[in-house]
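One structure is given here, and the rest of the page talks about it.
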Amino acid sequence: MQTVRMTTAQALVKFLNQQYVEFDGKQQKFIKGIFTIFGHGNVVGLGQALEEDAGELEVYQGRNEQGMANAAMAFAKQKHRKQIMACTSSVGPGSANMITSAATASANNIPVLLLPGDVFATRQPDPVLQQIEQTHDLSISTNDAFRAVSKYWDRINRPEQLMTAMIQAMRVLTNPADTGAVTICLPQDVQGEAWDFPSYFFQKRVHRIERRLPTKASLADAVEMIKRKKKPVMICGGGVRYAEAAEELKQFAETFHIPFGETQAGKSAIESSHPYNLGGIGVTGNIAANTIAKEADLVIGIGTRFTDFTTASKQLFQNEEVEFVNINISEFHANKLDALKVIADAKEALLTLIDELQVIDYRSSYTVEIADAKEAWETELSRLHNIRFTGQDFTPEVEGHFDGNLNEYVDALGSQLTQTAVIGQINTLLDEDAIIVGAAGSLPGDLQRMWASRKPNTYHMEYGYSCMGYEVAGALGAKIAEPSKEVYAMVGDGSYQMLHSELVTSLQENKKINVLLFDNSGFGCINNLQMGNGMGSFGTEFRYRNQETRKLDGAIMKIDFAASAAGYGVKTYHVTSLEQLREALIDAKKQTVSTLIDIKVLPKTMTNGYESWWHVGVAEVSKSQSVQAAYESKVSNLQQARSY
């Protein structure tokens, strides 16, 4: 048996270079590169291996471990899970910073390979710098926290353990049914230890992502259920995009006259103008999709996890005879809502169902309902685009909260811009193939409802974990995945302040991204939630501490985000009017460096809900009558919702 003497880290790098995936006959390198932040826990081990021979891996320098791992996840998401990035950090706080990103990737079923440094396997220098000592178990380190948020976790305590660990890692990373974060912990001493690795460990490996076919029995059951139903609706989930099944879904909708709503992950699989595309569905959905869904007697979920935002906490589907067919590669997700399960690749399942339903000449009984619903939403969308602040007589979309003191925000922000009007203009002015990236705050709701996707795969929303601070890093990852397209991070001031470190990396790599920063001086989405459930405004506006009340109810904070970003070398713009916004967007397209447009918008001018409800933990007992009323409303809504 031929062997090669290498360190554990060197063997890991060589192995990663030999991994390929094949999908529909197309073969490509699986691991494009590796994001790094070096510290004592990885620099002389994995760092040395990368310096000596990185192979074809592109080595990127991150600025924050969570940021770079978010970028890695966004890259894989934009690549539809067919190519990924790895990330390496030092021990302790460096590795802990990636835990949030691991959770984000696993919640979204997006593959990312995390390689955190770890404490010494020998324990000789214990406690090493940045080590946590647990007196009840000395084998525990910070990296054990990854267990809860990883789809596969391992620790390499001996060099030869690397082989089985990495084979299992690749199994999970290339498994569409159960992929997510894979964490391989690398004790810093073991990284540098040498071993005689068998040459066959480094052979080229092609991981074929196969399309699972539906069984005849599940297919027959699905056909039997569908043919009994008159008003079905489909839900286009992220699985449609990852399985590249958009054309088949369109064919299914057109052939059988069945409309579909979109989840955050599924949006832009098919252009918004398609006659059967109702748009966003659920809590952050629009009036068209939610109206049709309420009356549907069959819900066909395609590649969706049926989150509470999709089902409106299982209260959306109000037809007493409603049943569910779930087409999903994952048996776990297919099993939800007591559905009839079709465990299969979305494309293969749809193609087979098309053949079977054509035999019986099936067609839904919709007449004008689909067109009427879409027309109603287009009318509402036009209204949202044209909302303008008019002074004291102005009623914001989210009314009854700040109605009396919006002028205070007008003065503080120096702007009368409404968020819905801003989004409308941005949607009009961006290139058709531009990619928008979002994750948290009020923007995901506005974008799922309002954004018209004119080209496929241009809407990139991380809403499986709704990770605050994902947006800027996510834009960088999407730009690395699609360097020829303009990429825009759609981010609020709250999320931007949490994390925007990889804006600097975008400059370093000459990967131009555009940050569209909506500043309403607060955590506006959560302020809506608390006040909508009977509370006052508490801890969600960005105000100075009042020296008299000792509370955060002083003057509104004024932050010049453009000036801050300009210090990095970003091209920046201040926007307080639609004309300034138009000029900034046009000029930003001409730039070769990353840009940031600081857009001051009034709070409460985002969209509000449409025919949906969201279950949150309202206080059962309170001195506040408004909180008591909110609790009673919750109880009433729960009576209309499924129990599971």
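A Cβ is built for glycine as well, from the same backbone N, Cα and C atoms used for every other residue.
Taken from Swiss-Prot, the feature thiamine diphosphate binding site applies to Glu65, supported by sequence analysis. Taking a C-beta cut-off of under 8 angstroms and a sequence separation of 6 or more, Glu65 (thiamine diphosphate binding site) has the following same-chain neighbours: Ile37, Cys87, Ser89, Gly94, Ser95, Asn97, Met98, Ser101.
Summarising the annotation, Swiss-Prot assigns Mg(2+) binding site to Asp493, Asn520 and lists sequence analysis as the type of evidence. Look at Asp493 (Mg(2+) binding site): DSSP puts it in a helix. A C-beta separation below 8 Å, combined with a sequence spacing of at least six in one chain, links Asp493 (Mg(2+) binding site) to Leu517, Phe518, Asp519, Asn520, Ser521, Gly522, Phe542, Ile559, Phe561.
Annotation comment: Swiss-Prot describes 442-522 as region 'Thiamine pyrophosphate binding', evidence class sequence analysis.
A sphere of 10 angstroms centred on the C-beta of Asn520 (Mg(2+) binding site) encloses 29 other C-beta atoms. Across all of the region 'Thiamine pyrophosphate binding' (442-522), the predicted model scores a mean pLDDT of 98.
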